[in-house]
Amino acid sequence: MNYQTKKRFGQHFLHDRSVIDKIITAAQLTTQTQVVEIGPGLGVLTDQLLPRSAHVRVMEIDRDLIALLEARNDPKLTVHAGDVLKLPWREYLKQPPYTLVANLPYNISSQIVFRLIEHRDLFQGMVLMFQREVGQRLVAPPGGKDYGILSVLTQLWFAMKTVTLVKPGAFTPPPKVDSIVISFKPLPTPRVAVVDEVMFKKVVKGAFTQRRKTLRNSLLASGFSAADIDSALQQAAISPGCRGETLSLQNFSDLTRFFFEK
């Protein structure tokens, strides 16, 4: 197939069969599994998903690839054309649970993860490919430069495990960075108590808004009042001089409760 990849879509097509096999194994598919795939590309992974599942729904933005996928005329394949960040997931995925399997477009992978968090109730599991740097942020513990909003929110709602590391040569064209495959299992309840999800997100985003500043100043810059910040930090026994990347999930849970119940 003579297809010219489009850089604007972050296309790096996976072709290494050993990596594909590891992804398929990690997905734990059965003939009853409903699968969703984001960015199927030329359909190399799709080819392995179709015979192992009940149905595969793919989301693809590239018109040329959409035409190729639709030309298959496979009754087990449904093609949803458009931008995955804008498509109405709940309208398309009306019979959960689904298993998501994808080699994500690297240029929007973080944005996709935030969307997955919002739609986590639709999925029983996910196996996703990221550039290694993003994958490290997902599983990063508190205290390091990789730990941030993405780390906190994914660790709150999912159990994650590294499936395999992937070298650039597994793709066409090869990316300039290593990649990583991570499996996700939604937790039945959040890892720590969340009194209000909207407030939790606001606190987490506020803590990381200005990473070079202290937690107090970063929260202040995010719109929280000085009095509320000082009270919340005191009640949660958190130093106002620390930085957001040092806070644990429990710290964020405590702060959220104090801000919400003030």
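Any Cβ shown, glycine's included, is placed from N, Cα and C.
Among the candidates GLU60, GLU70, GLU91, GLU118, the residue that TrEMBL annotates alongside HIS12, LEU14, GLY39, ASP83, ASN103 as binding S-adenosyl-L-methionine is GLU60. Within 10 Å of the C-beta of GLU60 (S-adenosyl-L-methionine binding site) there are 26 other C-beta atoms, taking all protein chains into account. Other Cβ atoms within 10 Å of the Cβ of ASP83 (S-adenosyl-L-methionine binding site) number 11 in total over all chains.
Sequence-distant neighbours of LEU14 (S-adenosyl-L-methionine binding site) (same chain, 6+ residues apart, CB-CB distance under 8 A): ILE20, GLY41, VAL44, LEU45, ASN103, MET129, ALA170, PHE171. Taken as a whole, the domain 'Ribosomal RNA adenine methylase transferase N-terminal' (19-188) shows an average pLDDT of 97 in this prediction.
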